[in-house]
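Trainee: Please read through the structure below; I'll follow up with questions.
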Amino acid sequence: MTDVALPTAAPAAFDLPPDSVGVVAPQRMHFAEPLKLRNGSSIAGYDLMVETYGTLNAARSNAVLVCHALNASHHVAGVYAEDPRDVGWWDNMVGPGKPLDTNRFFVIGVNNLGSCFGSTGPMSLNPATGAPYGAAFPVVTVEDWVNAQALVADAFGITQFAAVMGGSLGGMQAVAWSLLYPERLRHCIVVASTPKLSAQNIAFNEVARSAILSDPDFHGGNYYAHGVKPKRGLRVARMIGHITYLSDEDMAEKFGRELKTDDIRFSFDVEFQVESYLRYQGDKFAEYFDANTYLLITRALDYFDPALAFGGDLTRAMAQTQASFLVASFGTDWRFAPSRSRELVKALLDNKRPVSYAEIDAPHGHDAFLLDDPRYHNLMRAYYDRIAEEIGA
């Protein structure tokens, strides 16, 4: 792998809040050594996009890895000089004086293999053919992502993270870290996540994938060669997903049964505000996301089940962990309900592992983990204060 320089944020040419990490620049890490995948195949000569915030201390003990969810990326915080509107997806959590304080911690965001934001994925050129991988890109798993992230840590000379943190799918990666590399993280922070998908969640993913696969513009996953994108399928997939990210309470408050116009029109066009919102979200998503990536990531979600190798016994699976845990859930999250977080907490307690648990009564459903709720952020701030005290940050 090429040498890694620890980047510093570029000077801002525009006004930013004092608690912003500022203008940031991603870096591309190239790995020549093949990465063995869980499916038995391997991928060589791959790239991972990485962003960092804060300063790695001399002991390299203050690093925190932030793992991203389905449609996010390495761009966790800050803005890009070429597009100051492109704010990091967890910017309210990461920055100077924020819960994950970059004055004390060195924060790393990694874009996972198979994504469409610069890391090697279906849109990348397959060296064997000179054309985009497309449908030929190998199916990847949460464990594969974690193994690749461990190589990023090696490149920075980080032998142990102060914490590995993630929400939703990112939380699954944090759990996988605690199992695959138990000695390489002091703390595991799991937010709005689950130890495995329920049958209902797998079903949602299947319906979303079916929308993409049945789009005439999908072309078996090789739509790049045809100069098209399966936008209709991707739009429907996003609409389905977005419904599951919001609570009934939140949707009622935002939209209720408000009409888009003054009166009903007795048509099958958009009549209600909630329909307009979902179509807008679907159209926006279809413009920037890749359909093959959506298929890969939702399948990785489906496959994650650390208890499977232990006959379905999560307590036995979690016996491998050494980290201290913070697990947080949200009362109105029906995608990954609090009961799923409590399963994880029980398995940890059964193993006498140190774990703190909080269930936050927020009205915003699954997406609450991305929002600036004072109770949620105070919880995270207090926990990171504890970590900082432990490591002398």
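A Cβ is built for glycine as well, from the same backbone N, Cα and C atoms used for every other residue.
The domain 'AB hydrolase-1' feature in Swiss-Prot is assigned to 62-372. Here Swiss-Prot flags Ser168 as active site, nucleophile, drawing on sequence analysis. If you look up Swiss-Prot, you'll see Arg238, Asp367 marked as substrate binding site, on the strength of sequence analysis. Sequence annotations record features per position, and here Swiss-Prot assigns active site to Asp333, His366. Annotated site 'Important for acyl-CoA specificity' per Swiss-Prot: Arg335, in sequence order, evidence recorded as sequence analysis.
I'm curious about the neighbourhood of these features; can you describe it?
Mentor: Ser168 (active site, nucleophile) has a Cβ environment of 26 other Cβ atoms inside 10 Å.
Classification of Arg238 (substrate binding site) by DSSP places it within a helix.
In sequence order, Ala192, Ser247, Gly365, His366, Ala368 are the residues of the chain that are 6 or more apart from Asp333 (active site) and have a CB within less than 8 Å of its CB.
Of all the Cβ atoms in the protein chains shown, 23 others lie within 10 Å of the Cβ of Arg335 (site 'Important for acyl-CoA specificity'). The secondary structure of Arg335 (site 'Important for acyl-CoA specificity'), as reduced to three states from DSSP, is coil rather than helix or strand.
Using a 10 Å Cβ-Cβ cutoff, His366 (active site) registers 26 neighbours.
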Trainee: Give, as a single whole number between 0 and 100, the mean pLDDT over the domain 'AB hydrolase-1' (62-372).
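Mentor: Taking every residue in the domain 'AB hydrolase-1' (62-372) and averaging pLDDT yields 97.
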Trainee: Between Ser168 (active site, nucleophile) and Arg335 (site 'Important for acyl-CoA specificity'), how many Å separate their Cα atoms?
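Mentor: Cα-Cα, rounded: 9 Å.
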Trainee: Measuring Cα to Cα, how many Å separate Arg238 (substrate binding site) from Arg335 (site 'Important for acyl-CoA specificity')?
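Mentor: That separation, Cα to Cα, works out to 14 Å.
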Trainee: What are the sequence-distant neighbours of Asp367 (substrate binding site), meaning same chain, six or more residues apart, C-beta distance under 8 angstroms?
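Mentor: Tyr245, Leu246 - these are the non-local Cβ neighbours of Asp367 (substrate binding site), listed in sequence order.
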